[in-house]
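The signal peptide annotation in Swiss-Prot covers 1-27. Taken from Swiss-Prot, the feature domain 'Cadherin 1' applies to 136-243, supported by sequence analysis. Feature annotation from Swiss-Prot assigns topological domain 'Extracellular' to 136-690. According to Swiss-Prot, the N-linked glycosylation site annotation covers Asn166, Asn392, Asn546, Asn629, on the basis of sequence analysis. Among the features that Swiss-Prot reports, domain 'Cadherin 2' is placed at 244-355. If you look up Swiss-Prot, you'll see 356-471 marked as domain 'Cadherin 3', on the strength of sequence analysis. The transmembrane segment feature in Swiss-Prot is assigned to 691-711.
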Amino acid sequence: MAAAGPRRSVRGAVCLHLLLTLVIFSRAGEACKKVILNVPSKLEADKIIGRVNLEECFRSADLIRSSDPDFRVLNDGSVYTARAVALSDKKRSFTIWLSDKRKQTQKEVTVLLEHQKKVSKTRHTRETVLRRAKRRWAPIPCSMQENSLGPFPLFLQQVESDAAQNYTVFYSISGRGVDKEPLNLFYIERDTGNLFCTRPVDREEYDVFDLIAYASTADGYSADLPLPLPIRVEDENDNHPVFTEAIYNFEVLESSRPGTTVGVVCATDRDEPDTMHTRLKYSILQQTPRSPGLFSVHPSTGVITTVSHYLDREVVDKYSLIMKVQDMDGQFFGLIGTSTCIITVTDSNDNAPTFRQNAYEAFVEENAFNVEILRIPIEDKDLINTANWRVNFTILKGNENGHFKISTDKETNEGVLSVVKPLNYEENRQVNLEIGVNNEAPFARDIPRVTALNRALVTVHVRDLDEGPECTPAAQYVRIKENLAVGSKINGYKAYDPENRNGNGLRYKKLHDPKGWITIDEISGSIITSKILDREVETPKNELYNITVLAIDKDDRSCTGTLAVNIEDVNDNPPEILQEYVVICKPKMGYTDILAVDPDEPVHGAPFYFSLPNTSPEISRLWSLTKVNDTAARLSYQKNAGFQEYTIPITVKDRAGQAATKLLRVNLCECTHPTQCRATSRSTGVILGKWAILAILLGIALLFSVLLTLVCGVFGATKGKRFPEDLAQQNLIISNTEAPGDDRVCSANGFMTQTTNNSSQGFCGTMGSGMKNGGQETIEMMKGGNQTLESCRGAGHHHTLDSCRGGHTEVDNCRYTYSEWHSFTQPRLGEKLHRCNQNEDRMPSQDYVLTYNYEGRGSPAGSVGCCSEKQEEDGLDFLNNLEPKFITLAEACTKR
């Protein structure tokens, strides 16, 4: 037993050793490529120092850890300082462990931090340089850290050309950051090709610099092609995320379901997209008021939703949220931005209206209507003056007769109960109503509260009044047989006093009786026939005969009722044939139908029985009757009946035996249509129709109009033609022609004048040059043709208007004609001119223009021009020697 104990302990130790070895080997992972990061000697906390390509080492890693607590590594390989770090001259390194829990594998990456120093290397052309065989003058990838801490100038990389193996090469660069803005950010050592940066760079301003590197010999020869040299600026998380709005305003309906979307907040980050620097997370920092959390925000989308249905506007109507957004996927070292979100809780119909009390009382006087009797207040916690607060009232019970109406006062939200139909105290002394109320808007869904219609009881007390008689029912009916004897008495209209429920003491009067057939007994209200009642006279037939009755009590209060008299029919009218005269066209028509009617009720009417009474043998031999239906019979003739008019007696009898005989005139005519024989069937004289009378009247009127026209024409021909009065009528005649006239020689005396030689031969002067007494005068003009006018007939001087009235002037159709105006003015102006041409002794005056007749061409007298009319001396010398009384006048006239 003692030996067994040591054996078990040795065996356990061996197993433990093997287990530890297995764990060590399982945890030992494959080492990936070492990464070297150039960093400054002093590192600030929470600053990125570089990025490691973790996917190249281990793509499926789901756990990333750092062996050095001073540094932390993110999922994208970014390496950050956890605290401020100062590097010594020695190199510092740490390991990044990458693990895959499912595959139970692990890899590690060694990160070496080197303190960067300025590189100063001088290389001569002859110096032997060890190179890789495949190195060529080609673009070299290069990058620099944003907001780098230096030291500056910061070495970026070395540029080498293949031509440097054979020549002494000098390097230079150009592009943005060198000779373009920002100037002098980069420079290159001319001999070595070392590229440096002189100051920090903001990636948000410049994310890449496209430089061009040149290699040339001492004599300016381009030893190689220009090299594109892009320098990419690595992003640093130096920009805080910013919300798009400083204050967001959202609304949410109260009692909303959990998960209801309230709104969306959004933030932006100026750092490089699709990196951890711009991977944002949203959260709620604070809610005011600090009630249980009612809202949540999606960390990635920023969608704010409700998490509870206890949003109650009547408790809290507005919430304020402080929203936070953080980059670096929400890790604690990410940068933060905040904003305020105001959420207003809008009203929903989640509060039912309630009555303040369960029962109400109201009073109303009987016979009153359209009066308000009660106001019912309502309590509702919803938002005032909205559909959720306004209510509708309903009378659920007690208003079967429609006496009441309830409405809502829009201002106070009270129920207004009114009486719209009079109440009768004797019938209903008290009315019980059940009133219900609900909101205009429907109740909100899914709310855990009772939404049944609230109810209240209203008791309406009717107050009694001493009112007049009542005519109830308003229309009463009575039956009377027609042809009842005058003076017959029948029960009439009955009214009653509601106070004693009988009609004692009431008086009755008749207000309206269409035919005057009835009188009313004032005391009893019975009706008495004053005329024979004929049902067939009343129009329309079979209608009730209505009489309006007035009932009056002792206080002269009254009511009005209608007594409807139903006149019962008796068989007092025999059937009657409608036709008086018929035409039968022989041989086209072999018969005619005879129709009969009976104004009595159908029970006293059809079927009718038609027959030919005992008549002459000729009628019985030539004519016969056969039944067609209950109201018609067919009258047929024999073939040997002659063409003439027959008078045939026909007897018609109804079902009760009432009969009547009528003489029917039948014209048996040779025709094709009955209208062809109607004119000859009349035994009386011809009667003119309305159109014939109208035609006669129009003919007479036309004859009178023709005679009147002839008479007016005769009187118009015998009446002398008058010359018009002076057409100018004391108005100015337009005469504004200022151009020279025609170049012609005309007589100065274009009017009817007396010649200077006092010739006794009369003439009508014209504008011509020749004259013929008593005949035609030829007028010769310089332009135009010849024009003939018939001169005034008769000798003597034509000085007056009447001298030419008896003449008849004929003017050729193709000649010029004078107007009436010219004919009227010519003799008058000629007479005026002739008188002015004479002195007191009626001799030609020397102070006037003398008239000379044209004597033909070649006259030794020559032509009389305008200058011949002017005297040799003006005779104005007397103005130079005025008398004293005229000197003052002359001086006044000569002043300007």
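Backbone N, Cα and C atoms are what each Cβ position is placed from, and that goes for glycine too.
DSSP gives Asn546 (N-linked glycosylation site) a strand state.
Summed and averaged per residue, pLDDT over the domain 'Cadherin 1' (136-243) gives 88.
Using a 10 Å radius centred on the Cβ of Asn166 (N-linked glycosylation site) and all shown protein chains, the other Cβ atoms total 10. In this structure, the C-alpha atom of Asn392 (N-linked glycosylation site) lies 45 angstrom from that of Asn546 (N-linked glycosylation site).
Residues in the domain 'Cadherin 1' (136-243) partition by DSSP class (helix H, G, I; strand E, B; coil) as 4 helix, 44 strand, 60 coil. Counting only residues at least six positions away in the same chain, the Cβ atoms of His512, Pro514, Thr562, Leu563, Ala564, Val565 sit under 8 Å from the Cβ of Asn546 (N-linked glycosylation site). Sequence-distant contacts of Asn629 (N-linked glycosylation site), defined as residues of its own chain at least six apart whose C-beta falls under 8 angstroms from its C-beta, are absent. All chains included, 14 other C-beta atoms sit within 10 angstroms of the C-beta of Asn392 (N-linked glycosylation site). DSSP places the residues of the domain 'Cadherin 2' (244-355) in helix, strand and coil in these numbers: 6 helix, 50 strand, 56 coil.
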